[in-house]
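A short write-up of the structure that comes next.
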Amino acid sequence: MGVLGGDAHVPIGSQVSPGSVVVTNNESFGHRKLLKGVDFLVRIKAFAFCLAVIVLLKNNVQTTVIAPGIVLQAKYNNTKAPVSLLVLASICCGYAFLQAVVSLLSFIRDKRVLNNTVLAWLTFLLDQVLTYLLLGSAAATAEAAYIAKRGEDKVQWKAVCGPFKRFCDHFAATVFLSFIAVIAFAVSAAISAYYLFRKSKGFK
């Protein structure tokens with residue numbers, strides 16, 4: 001004979017201390033739904049920020065006449081760092097979108113889509129690798145933006161943001177969004193690590 005609380009079964013005569021909390025299946029269900037909802041929101045935000053980085057970089061062009069007959073043009077591909085960021089942001093954008101779809105399906109069905117250990121490890125590793133690669137690329141682009149803004153006296157590089165203010169402003173916005181995307185990917189990586197831990201312990 002026992003006492004039923006939700007879906008939990010607590011035998012009569014068992015010792016439960018006043019501070020104890022019995023976790024029911026309903027509470028576990030709510031926790032899973034919340035985590036899957038957060039996972040979807042974070043991944044869709046990562047997709048949106050990476051897409052914004054791509055759009056800003058591709059459309060960031062400014063042409064300036066500095067003297068009669070002398071026209072200069074500033075583009076993202078004038079240096080290597082933004083080019084690398086564009087390529088990596090494109091990869092991360094596609095990956096984040098696919099993972100967001102998988103996460104949404106998992107949330108709707110209350111069941112992990114593609115739920116096996118190999119894919120859990122693959123998701124964990126890809127999240128980790130892309131997070132660090134995006135962080136490195138964003139940092140390199142931030143350095144390029146700083147040099148464009150301030151110059152570098154040691155190697156006699158002059159600041160170029162005087163005649164290209166709009167270009168530099170958009171460039172700075174791109175760097176900012178890149179780091180926000182890194183944060184979103186880092187949170188996604190933490191969630192996938194948690195899923196992998198639960199998988200290794202035999203949980204759903």
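Cβ coordinates are placed from backbone N, Cα and C, and glycine is handled just like the others.
For 1-36 (among others), the entry in Swiss-Prot reads topological domain 'Cytoplasmic'.
Taken from Swiss-Prot, the feature transmembrane segment applies to 37-57 (among others).
Annotated topological domain 'Extracellular' per Swiss-Prot: 58-84 (among others), in sequence order, evidence recorded as sequence analysis. Across the topological domain 'Extracellular' (58-84), DSSP helix (H, G, I), strand (E, B) and coil residues number 9 helix, 13 strand, 5 coil.
Sequence annotations record features per position, and here Swiss-Prot assigns N-linked glycosylation site to Asn77 based on sequence analysis. Sequence-distant contacts (6 or more apart, same chain, Cβ under 8 Å) of Asn77 (N-linked glycosylation site) comprise Val83.
The transmembrane segment annotation in Swiss-Prot covers 85-105 (among others).
The topological domain 'Cytoplasmic' annotation in Swiss-Prot covers 106-117 (among others).
The transmembrane segment annotation in Swiss-Prot covers 118-138 (among others).
Annotation source Swiss-Prot lists topological domain 'Extracellular' at 139-170 (among others), citing sequence analysis.
What Swiss-Prot records for 171-191 (among others) is transmembrane segment. Sequence-distant neighbours of the transmembrane segment (171-191) (same chain, 6+ residues past either end, Cβ-Cβ under 8 Å): 35, 38-39, 42-43, 45-46, 49-50, 52-53, 56-57, 60, 76, 82, 85, 89, 92, 96, 99, 124, 127-128, 130-131, 134-135, 137-138, 141-142, 145, 148-149.
The topological domain 'Cytoplasmic' annotation in Swiss-Prot covers 192-204 (among others) and rests on sequence analysis. Averaged over the topological domain 'Cytoplasmic' (192-204), the predicted model reaches a pLDDT of 74.
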